[in-house]
Every structure is written in structure tokens, then in C-alpha cells.
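The domain 'Cadherin' annotation in TrEMBL covers 12-88, 93-202, 203-314, 329-441, 442-547, 547-656, 657-770, 890-990.
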Amino acid sequence: FAVHGNSAPSFTNNMTVVTLPEDMPEGTVAFWITATDPDNDSLTYDMSGRYSYFFVVNKDTGAVTLNTPLDYEVQREIQIVVLDINDNHPVFQDTPYSTSINETLPVGSQVYTVRAEDPDTGFGGVVNYTILEVSEAGSKKLFSIQSNGTIFLGGPLSYNNKSMFYQLKLQSCDQDKNNPLCSQTVFLTITVIDLPDLDPQFLQEPYTASIGEDAPMGTSVLTLKTMDGDKGINDLVKFSISNSTRPWFDINEQTGVITVSHSLDRELLLDEDEEVHLEVTATEIHLNIYGQEAKASTWVTIRVTDVNDHSPKFYNCILPDCDFSDDKVVTTFSGYVAEHASTRVPVSNLSIVAYDPDKGLNGTFLLSLAGPDRMAFVVSPEKVVNTGEVQVLVWQSNLVDFEKKQTMEVEVIASDSVSYMGSTATVTIHVEDINDHAPEFNKTQYTLYVYEHCPNGTVVTKDIQATDPDTDFRGHITYHLLSGNSADIFQVDPNTGEVTVKDGNQLDRELQSVYHLTLQATDGGNLTGSTILQIILLDINDNAPVVSGSYNVFVKEVEDNVTVNIQAYDNDEPNTNNSEIRFELLPGPYSNNFTLDPVTGLLKNQGPLDREAIDPLLLGKIVLTVLVYDLGEPSLNTTVNVTINVEDINDNKPVFGRATYEFHVKERLMGAYLGFVEAWDADQTDVNNRVTFSLTGDGASNFQIRSTFLGSGKNRGNMSLVSDVSLDYERPPSNFTLTVLAQNAAESNEIGSATVLVITEDVNDEAPSILASSLKDIRVFEHQGYEDELVAQVEAQDPDTNASLEIRLQEIGCFKSGTNVGLVCQDWFQLVPNGSVYINDSLAIDYEICDLVSLLLQAWDLHTAEGFPANSPNGEGSAQATISDSFSQATDKDDGVNAVLSFSIDGIEFINNDNSRVPLDGLFRIKDSHEGNIYTGIIEVVTSLDSSRQGTYQLRIRAQDNPSKDPPLSANTSLNIFTVDQRYRLRLQFSSEAAEVGKNVDSIRMYDLGSLRAKGLSYMDAYFVFSNGTALTLSDLNIGTLGPAALRILGSNCSLSLQIETLCPTFLPPHLHQLLVTQLLSLLFPSYKRKLRAVKAAKEAKKARAGLNLQGPVIPGTNLFNSEK
């Protein structure tokens, strides 16, 4: 193998001293590093040293440029050392490498030494060696290499068993830790030298051969071959037979050919599996390295094959105990067989064995029969291989007859199937006599007669006998009846053959009219003959007629007819009086309705059948009894019941118990029960008399009727309102005239009907209402009226019949210029229960104090039923009393018609608590009023508000002037009206009377709560509401925790216009800034002259925003025009 070396580069001779000026600019090439390489490899350049930082080296060209300015005064001389770098690969020397070693070289011996060189200095020039791979798989550990390149043997060698050639792939690398370099790989070829240390080896073992037993001497049998175990030497060998089971063969010592040296006989080897075994030894000519003979032995098996050289012979013996010697051959045999023996019955007392010592097909032979009686027998088997037992079998039993021939003879011939050599044996067969005649009757069948139920012992026959030609005991005959179902009825005399009745009670012609018996005759040899006895029974009249089946007839009343044929039979002899039948209908409750033909048994009805005419307890069943009798002597009879099931049809219509039913029901009772109707149907079955009720007529959908079957055609219909329906006396129709229909559940056109009157009774369930037409605006001039002057007449209405109405004052509001001024006007007017509004104190009416009085009215029905509203909705009736003065002053910057303003509501929306919006219309209205150039828009509720709504009403308000020429100008604002639920209403209890509380509101003090409960004379209903409409409950105010202390009515500034003593506890929210307290004082005078009086409402909280000031009459229970629910 050729390996190319790598030489180190060297610097040129001029690389000694370089002179540079100190003012050399930076980046100027100062000098060049030059070097040469004998291999012309590309070079890289570098420098190091204390002052190397002054320069930068181009690694590819060797150009050195100035990196830092030079200063002669600081450093006059700079020494630069050019360092050696590891740039040379190790190179193997004196290649290629090859060597030869003996296969017996001891383990650990030196095999070869290689050498590699690296010109680099330091660790870059230190070389180590590695065996990268070995050509033979699994042999890498067989060799190892030391650091000096010496290769040692690490395991034993074998030229024949391992390998005769090895190739080692080697590599050397230097020890540079930063940049180690490796050489190119080289190969060491090692040849293993073979030595004579192994024995020869036989090829193609095992050795077997076959040769015929008739092979002549000198015939070649087979050739043995060997090879030297030392494949690299291949020494010659000589062959010899060292052992043999028969001295019939020899071997050539040079060629190894085995030949026949003696005559062969396979039959002598039968106990040796027909084989001869030879041990052959092969010995090398030269001694091995140990000075001994190198030899090997093997066994050779020679099978001697058969030749057909024997004929089959017969022997008188029983296998396997047979001696097949030539002196034991037999040619005559004798045996016995009974006459008429069955086919393939062997001849007894024969022990014939046929034998041919040849093998396989040569020992196969055929057997056949010859001789005078060969047609009567057959030989078995017909083919034998080597050895077989021979039998002579009966083939035609009729030819084997003692009476014709007592001795028979056949010849058994054995013939070789290949060579046709054979032998013959004579067999003499002695025929034995048997009882071969059976008794015989003259006829095969005899017909006999006897009466049924005859006495026991009655002779049936005594003239029937059998004959047998056999003599002696073989001809003696005995009789008996074969067992069967008649064996216990008849019997036979075993000696005479007389047949008699054994049990006459079992002889019944109607059950069995003919008996067939087998009479058997047996001789002394147990041979039998038989005949059939046909015994016919003669009839007597012993059976009554029998009716076939049962009779259960179904017919529909009126529509169907009965046609029934009674089927009967008589088991006595046909066509005689004993079996002739007649029919008769026996008397019964309904037998006159039917006819019966006495001969044919045909049953018919005489007229239509009516189910309702039959006793109901019979459920429509008519049972008739028919007598069936024969004409024998004496006559016998039987009876049968015929059941006629008359099926009900729907031929009756339901009938109501009354023509008219009247039910009364109170209004407002949802699903109320009214009563029941009853109808009866004459049909007798449930399916036809079960009735279904239904309602027709105007308003029938409001009612329901449920059918109930009471049984026996009675039905009830329970009538009620539909579960979610109630009647309303005030909303017609309140009375109903309905038709109730009764119809069978089964299909029928028959329908019964009755009239049902439903009368609705009035219940005082309607709330009264105030007539809107009576709510007229009231205008009263201050100080000008007189006491008890009628200023208004409020009217109420109620649709209930027994209503007792009165008008009550719910609340009163006092306003000045749209601002609530408390209860200053509460005594100005008086309302009486009939709705009349009178001036109560004309002198107290003062325009400067109050210019508008709002009377919130409510209508009450004193007779309202429990559970229904007794009063009209809150806020439904409101009467406005305007207090007039000569003028109310206001200013306006415009003059004339330009100062005239009007108000309008542009839109109304209801904002639910979930912020969804619903547009509304017609709930509120705005009225214009003005005094001078001050205009006021009053918001009024037009109709009752929906108490189920929870949220805020938002009104868009527009004020617009009306100039004569110029376009109108307008301003817009929004008004939020919050709804407040009644559950936020709180009741405050006072010990003073209502008038006293109203007049001395500034000095009201709260007493101990317990004492208030004991002697309370007046109450105040209050709502505590935030400016955003959120109200406080009792628990929110923590009123329940108040002890004997002053009433705490709280505002953000701890003061109210009522001047009620207040406290500011720290636990209440600091942002509570406005409360509106609506006071409702209920006077508890025994006379109840004033059951309800309006009291003063709390003034607006002092720091409330101006935009929240009320611009019109308030709605009770609110602070921002909120509607109380």
C-alpha cells in the first residue's frame, strides 16, 4: 500500500530583522512573513509574543500590518517570535506492511512493528497508534498495538478453524490537545502458515450403499474419499477395513473402492436388518508435528437387497409359533363344516399358514382354489405378503348339503406374483348334518269367529295343526301364541294346538273388531313354523250413542239464526239397529224457541232471538238438552247440552234520567265542579251499554264532562269547568244553554240528549273604579269660598250586583310653584264617602302658601268578597284643586308673543331593571299654565300604571316658544320617574292624634317603641328612597334595633324640612342624600268619621339638586315622580 508523507514548512532566510519608522501610519503593511512547503500545501500564518499586539497578520498571505502606533522613545526594538503550530499530520514510514506467522505462534508473541513520524514540536509531534478494524469479523481483539507501534498476538490462531489471512487497518494521531491531527490509514497484511497438526477427514459421511444378493465377486459397491485436516498440506492417505460384521467385502487402500469378495445371501441377514457394517480407517502417509500417525475411521453400511429366488410353501401351524424349515412343509389338510352354513363361515379344524421368505414384491403371492368342490367355497385371503394364515370359507351354502354329499374336497394353490413359482395343498372337508326342516301349517292364514264379551274358555278352534318331516326329537312339535297385545286374551294348548278364549271381558268389538294372532309350531331342533289366525268378533248391543264434540254456538241477537247439526255415532256394528241413532229435544225454559230434526239432528231457532228477553243473570246463554238414543234391544242413549250464546248488539239508545239539568256555579271558581248527569242503556253488555258523554252548544269549550261507567247500563257524566277556565258574571255570556249527548262507546247512530243550563252566580269580585269624567279640575279662589261649599262630585262605579261604594281620600299634596310645601293644605277641603268634595276652611286657603292642592282619591266596595280587591288601584283618581290669585309673577327676557311657551312630551320609554327598553304611549300628559311670563308644565298620570313593571319611566320633555315670524326655539330635557314597590313602605307609630301630629310636626318626638305599640293613636307611612330610585327596607335602616330613643329619619346632612330630631349613626351610607317621607295618618276615632286623612309629605332634602324639583303634582310614595306599585 502506498502512503504519501507530509513535510513541515520552513521560513525563508530573510526572516531576521525588520526596520520600521516610528511614524508609520496604522494599517500600513510593515513586512511579510514568508515560508515554503516542500509538499506545496497551502500555508496559514500567525505570530505571538510580548509585542505581537502591535501587528495584525493576514493568515492567508502572511502580510503584517501595523495595528498600534510605534514610539521610538518608548520602545526602540521589538522582538517577534513566529510560533510553530500543529499543522503536520503523522506519516507512516516504510509502507506497505505485510508479514507471515505460524498458526502455532504463542499468544502474547510480537507479530510486527510499524512507525509513523510527525515533524511538529511538543505534543503535536508525539504519535500514538490505533487498530481501527480487522478484516475478519470478531477478530479485533486477536491483535493489539503498543504506543511504540509494536503489534502483539492477543489470542490463538488456527489455519483451518479461523482464518489463514488477516488485514489490520492502522492509524496514527498526534497528541495535540487543541487540534489533534491523524495520518492516513494504512493496512498490515498477516498471512497464517499451516502446520501438520490435524487428522484426515472423511467426506460425504455417512456412507451407505445397496447391492443385490446375486451380485458377482469383484463388483464395486462404493468409493470412500478423505481430505487432509491441514488444508495447506494435503497429505496422502491409505485405506483399510478394520472391522466387519460379514467378511464379504474388501477395499482398495489407494482408491478407497469397496468391492464384493464373497457370495451374498440376504436371507442370512434377516436378523441383522439385511445389512453388513464395515469400519474403514484412513491413515496419512507422513507423521504429524507430534511424531504420531494422523488417521480417522468411519462406518460403512451396505444393504443386501432381495432377489426372487424362493417359491411359497404351506405349513400346518399357528402364527407366530411356526417353523418354516423345509422339512416342515405340508401338502394335505382336513376340516369340518355344518351343512348349509352361512356364507363366509370358515371350515373348522384347519391351521394352514403360507410362507415365502422373499421380500416385498418378491415375497408376494396369490391364493386360489381348485378341485371338484371349488364352487362351494372360497379361499381367504386372496393375496399374501411373505406370511399369512389361510382360511377356506363357505361361499354357496346351498351346495353344502349333508343329504347330498358328506365329504367335499378342494385344492389351495399359492402362486408367486412375479416368478409364478407356486405350490398346492389338498383340503378334505367333512360335512356335518343339522336340523334343516321346520314345522309347516297347511295354510298361511285361518279366519275364525267369536262373540264379543264371550265367556272364558270358549273354543275358537281345535282343528289347526302343523307337520315336520324330521324324525326323532327333531320332529316333535309344540304350539304357542307369540307375545303381543292379544296374548292375555287368547290361549293355546301346547300339545294339541287348540285355541280358546282366556279373558272374554277384553273382547270389545267397538274397540277392536278383528284380532290377528301368530300361532307358532316349534320342533325339537328349535326350528319354527307359523300361521296367522284372523279372529273376527261378532257384535252385541253394548254401546250407547256418542256425541262428537261440544256445542257452544254464538249468534247475534235479531240478526243471526241458529243452525247446528248435532253429530253423533254408535260404535256398534254399522247398518244394524244397534248403531241406528235418533235425536230428541228435551223440555226447557227456551226449548219452544227451537226445533230439532229427529233423524239428522239439525237444530234451528223458530223466530228472532232477543238478548234483552233472556234472563240477565244468564248473560245471554241458552242451554238446550238433546237426547241421543239407538234402536237396539235394549235401547241405549246419551244426552248433550247445546249452549246458544246470544250476542248483544247495540240496538238500544241511551236514555237520560231527566230532560233538563240545571247547574249553578259561582264566578271566579277556576275548574269548578257543576254536577252530574245520568243515562241508562238497555243493552246487556258493557261494550254496548257503556256511554260516552259530550257537550255541544255555544261556550261548550269552557266545560268538560268526564264519563263514569256505573255498571248494568248505568252511566254518569261529571260536569265541570275546564281546569284553567272560570266564569265571570260581569262579562257575558255568564249563563249557558248546552246540549249533553250520550253515545255508546261502540259504533252506533243512536244518541241520547238532554239540556244543561249553567247559571253563573255573581261574586263581589270586581274592584270599583272612579269615573274619569267626574275628575274635573277644581279652581278655588283664596279666602273667597264658604264653609261646606260643594266644589266637586266624584263618582265611582262597580259592575258587581251587591256593591256598596264610597270614595276615600288616599293622600293630599300641597304645592307652591311646583314645590311640595308639606301638609299646609290638609284641612282646606273635606271629602265625604259619597264622593262630594267640600270646602272645609275657606279662610285658610292661601294662594301665597299653596297654589295647587292634589287630592289622591280611591273608590272602596264595602261588600267585596274575601280574596278580591276592595278598592280601586292606587293613583287612579286624582282631583286637582287650583288655588287662584290675581296674578303670579315671572320674568321672561322675550316680549310679546315671543315669550309664549308651550310644553309637550316627545316620547316615553320604560327602562326595565335589565336595561331593556319598551316604548310606551298615553301614560302621561303635560298641562301648560303660566302667570305672566313664567310658564309651568304639569306632568299628570293619564291612566293607572302597570304595578307589575319594575324600573324607570323616562320622559323626553320639550319647551318651545311660538314666535309670529321667526322659527320657534326649543329646549329639551329628560325626566326619570322611578317605580317603588310597596314592600319598601315603613310604618311609623305616634302616640298623638293625627291632627296634633299635623299641626305640631316640628315638635314631634319619638317615644319608646314598646309604649308606642301600647297606645298608638296615629301612624306615618314612609318611603326612604335614593335619588336614583333605590329604596331602603326596614332591615336596611336597622329600625328593628332601635330602643327607647328618638326616631331617626336620616339625610346626608342630618336634617329634614320636618325638623324632626335626627341622629347620624356612622353605619349608614354617607352618600344617602335625599329622602322622601310620605306620611299617611290613620285616625283611630271610634266614630270613624274620617277613616282616611291625607297628611303632610316631607319636604325635599335641603341639598337636592334643582333639576329634581317637582314641577307638578307628585305621585304618593315617590321622590322622583316614582309610581308606587
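The backbone N, Cα and C atoms fix where each Cβ goes, and this holds for glycine too.
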What average pLDDT does the predicted model assign to the domain 'Cadherin' (547-656)?
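A mean pLDDT of 91 is what the model gives the domain 'Cadherin' (547-656).
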Just give the helix, strand and coil counts over the domain 'Cadherin' (657-770), going by DSSP.
7 helix, 60 strand, 47 coil
What are the DSSP helix, strand and coil residue counts for the domain 'Cadherin' (203-314)?
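Grouping H, G, I as helix and E, B as strand yields 7 helix, 55 strand, 50 coil.
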Give the residue counts of the domain 'Cadherin' (890-990) per reduced DSSP state, in the order helix, strand, coil.
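So the domain 'Cadherin' (890-990) is made up of 7 helix, 58 strand, 36 coil.
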Run through the domain 'Cadherin' (547-656) and tell me, per DSSP, how many residues are helix, strand and coil.
9 helix, 47 strand, 54 coil
